[in-house]
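Participant: Here's a structure for you.
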Amino acid sequence: MECEEGARAIELHATAVQGLARYYHPSAQGTSDVEVWRRVLAAPPNVTSLRVNCLRTDVDSACRQLADHLQRAAPKAGPETTDASGDEGAEQPQREQAMPTVHPVLRDVIILPCTGPHKREPKYPPAVVDRSCGEAVLRGAHIYAAGVIAAAGDLHKGDMVSVFVDDGKGGKTGKLTRGEFVHDAGNWLFVGNGRMTMGRGQMFSGTSGVAIEMVEQIYETPSLNGVMDDLLFLQNIPSIVVGHLLDPQPGDLILDMCAAPGGKTTHIAALANDRARIFALDKNVGKVEGVQRLCQRLGITSVTALTLDATKALLPADSAPDQVGEKITGWRAHTFDRILLDPPCSGLGNRPRLKDTQTWSALQTHAAYQRKIIHTAVPLLKPGGTLVYSTCTISPLENEENVAFILRMFPEMELVEQVPRLGASGLDSTSLGPAERGLVQRFDPTLDPGVTGFFIAKFVKRRTSALSQ
């Protein structure tokens with residue numbers, strides 16, 4: 001059997017589809033309807049973007065170094081070991097490898113094209129992976145043992161397998177158990193063919209290491225995990241734009257209110273030449289430790305990562321300032337020059353996504369929680385300071401409607417122009433007026449296949465004298 005081109009449309013909860021359709025419909029100018037979005041979100045961006053750690057190298061040197069690596073590591077043309085004459089063991093030609101280039105606008109970014117969808121045939125014994133693993137495969141990743149749920153029997157190192165995603169639509173009723181034997185992939189989603197790098201027993205007896213190296217993918221892009229990882233950081237283009245919009249300067253006091261996993265935090269540090277003072281918050285200890293490890297890996301010393309709930313970061317006006325050596329529990333109003341607020345969100349812009357079970361009510365809950373953090377963020381910002389608000393979702397409740405909330409509740413906050421501007425304007429089906437829609441930046445993969453769904457708004461806090469005029 002031959003796989004259909006590309007992935008299925010993302011499966012969304014019916015109430016979420018109904019809610020989003022109020023904003024995304026053919027009569028709304030500049031938007032695509034929800035069904036178009038569902039198909040686009042199930043496919044990866046057509047480029048992979050890597051942010052260069054400019055504290056340790058320059059972008060041109062990193063681009064050349066990456067190109068050399070990709071040429072050396074280029075996979076063979078296919079899984080077979082027989083040449084055209086039928087002789088086994090013949091040396092295979094390397095596939096033509098797409099080469100990296102520097103982004104034309106973001107000069108600290110390298111981009112690699114992703115090709116696809118390619119038609120592939122699932123002709124080998126099956127291996128079934130979980131949904132998050134399957135989504136990673138669609139972006140070029142190899143498969144770690146922890147992501148494999150089930151597989152055919154009697155598989156050995158070097159064997160070819162056809163990889164399927166357990167997306168809940170397969171040919172088996174009920175949930176697969178880890179290590180289960182499967183012989184018929186049924187209607188599971190096929191994502192490509194790969195080669196076993198360990199035997200079946202080893203794959204299911206542990207959870208570490210690459211178990212399947214992908215050879216024939218639906219969407220082809222080089223696997224870059226661990227490649228030049230002190231110089232390059234895999235990061236989506238809209239997330240990189242956020243750091244440039246915040247425009248951090250040496251000497252600034254900066255707050256990243258919801259920092260994990262740390263990509264934006266470390267970018268902010270690099271843009272300030274590691275000479276700002278940055279506090280990075282998350283309420284999860286493990287995530288804070290992850291931010292600390294990333295800073296160490298990239299050689300960043302200007303970030304202090306704290307386990308702190310962002311909704312509780314504002315201290316009363318009469319509270320004593322933190323003393324040297326004391327645990328920081330928050331800050332008084334008007335403390336920070338710049339604040340990044342990239343709050344927990346529904347994530348409905350991430351690509352590829354194969355399924356999302358969130359209801360419309362859940363999306364409303366996300367927006368309400370984000371407003372709690374906004375109520376903390378605005379007072380913490382100094383007059384004249386900059387606040388950048390961003391999300392990785394297409395939900396207008398969490399985007400344009402929260403911008404309207406900020407403008408309504410905090411008249412001292414001014415929505416300002418964004419440079420660089422790579423995205424589209426805000427939706428005209430929301431509470432924002434035409435001028436306000438033109439100031440926000442919405443990344444729309446139905447218009448630009450190289451991006452994820454993302455939203456950014458930039459504010460400056462008016463000084464008291466300006467507000468009173």
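The backbone N, Cα and C atoms fix where each Cβ goes, and this holds for glycine too.
Just so you know, TrEMBL annotations never went through curation; they're auto-generated.
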Participant: According to TrEMBL, CYS258, ALA259, ALA260, PRO261, GLY262, GLY263, LYS264, ASP282, ASP342 bind S-adenosyl-L-methionine; which of ASP230, ASP309, ASP318, ASP356 is also listed for that site?
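Facilitator: Candidate in the recorded S-adenosyl-L-methionine site: ASP309.
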Participant: Could you measure between ALA260 (S-adenosyl-L-methionine binding site) and CYS392 (active site, nucleophile) for me? Cα positions, answer in whole angstrom.
Facilitator: 14
Participant: How big is the Cα-to-Cα gap, in Å, between LYS264 (S-adenosyl-L-methionine binding site) and CYS392 (active site, nucleophile)?
Facilitator: 13
Participant: To the nearest Å, how far is the Cα of ASP309 (S-adenosyl-L-methionine binding site) from the Cα of CYS392 (active site, nucleophile)?
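Facilitator: Pair distance, Cα basis, whole Å: 20 Å.
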Participant: Measuring Cα to Cα, tell me the gap between CYS258 (S-adenosyl-L-methionine binding site) and CYS392 (active site, nucleophile) in whole angstrom.
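Facilitator: One finds 13 Å between the Cα atoms of these residues.
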